[in-house]
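According to TrEMBL, the feature domain 'G-protein coupled receptors family 2 profile 2' maps to 52-308. Residues or ranges marked as transmembrane segment in TrEMBL: 55-75, 87-108, 120-142, 163-181, 211-236, 256-279, 291-310.
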Amino acid sequence: MINIKFPFFHNNSMSYSLINSKVQNESETVGIKPENNITKYSKESSKRQDAKFTIFPTGMFISAFFFFLTIVVFASIPDLRNLHGKCLMCNLIGLDIFYFTLTMIQVYNDQMMDVSLLCYFAAYTTYFTLFIAFVWLSIVSFDLCRRFTNISYNSKEKSFKTYAIIGFGTSIFCTVLVFIIDNFQLLPQKYLPRIALYRCWVSKELIVELIYIYIPMSALAFSYVGFFVVTFYKIWKAQKKSNDILSQKAALKSRLYTFTRLFMVMGVSWCCETFSYVFGKDLLIFEITDVFNSLIGLFTFIIVCILNPTTRNLIIERLRNFNKN
């Protein structure tokens, strides 16, 4: 008989929380000894952990708000709801839900662990939306690359449906696969994700986080970097051949620069997260980059809605029409 596991959390079990989160009983926090044996260093470390517990979830909540605000901007302005805009919205929806649910897990992990179904729902929602964000980022970069390599390429509704099948289908497949592997125990114990067993996320073991988070996300990150390298190469080639070709793609070129800024921010964010994971989050430089990562939503709003003159003018025009009405 296949053994399907649905672990329940008990108060006397060892508790792991997400990075920067607290447990209910401070004396039982992993890595922190009772007060009568604590050293000066561990006291300072505890204060830093308390500060991070406040700063990072706050920053992530701010990001979730600005992701949502960017989505509202694109949804409310028809001129932004082209193929590229729709793809970007899917990416932002994934990031918005991911940041929001991860914030809830960081703050309320212990309470969620007491309700197994809620913990499962939060963990798998977070995992699913993380895949959505990265897959759709690759789709956006692929679409730009495709349009620069074919001047007669037209944005059709059929193209978005194809992208949607790939974007959401891949995310659903990977999430379901992880669920099957975990609950039907198809791999040796040390390779199982063990979602919702010690925390409302995958196990904190190095090999587990590499298999289920860092390796697949890094592969997707490399894919969209590759598409951008090809796109920039096409631009460089076009500049050498004819300015007429570039003039036909002026709008695409402007859009490319905007998304390049966006992808650079997200790329730096993921690189910082990966280096932080490999070399340790206790280093001051990585604590600074973690703050940067927690505010990605704010930077995204600035890049997409404020620094982009086309989007900025459309927002101003929309607000003027709204005030007139």
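Using N, Cα and C of the backbone, Cβ positions are placed for all residues, glycine too.
In TrEMBL, annotation is done automatically, which means it is predicted and not curated.
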With the transmembrane segment (163-181) as the reference, which stretch in 55-75, 87-108, 120-142, 256-279, 291-310 has the largest tally of C-beta pairs below 8 Å? 120-142
What same-chain residues lie close to the transmembrane segment (291-310): Cβ under 8 Å, and 6 or more beyond its ends? 55-60, 62-67, 69-70, 73, 88, 92, 95-96, 99, 254, 258, 261-262, 265-266, 268-269, 272-273
What mean pLDDT score does the domain 'G-protein coupled receptors family 2 profile 2' (52-308) have in the model? 86
Using a Cβ cut-off of under 8 Å, list the residues of the same chain at least 6 residues beyond the transmembrane segment (256-279) that approach it. 88, 137, 140-141, 144, 148, 209, 214, 217-218, 221, 224-225, 228, 231, 235, 286, 289-290, 292-293, 296, 299-300, 303-304, 307-308, 311
Leading contact stretch, 55-75, 87-108, 120-142 vs the transmembrane segment (211-236) - CB distance under 8 Å: 120-142
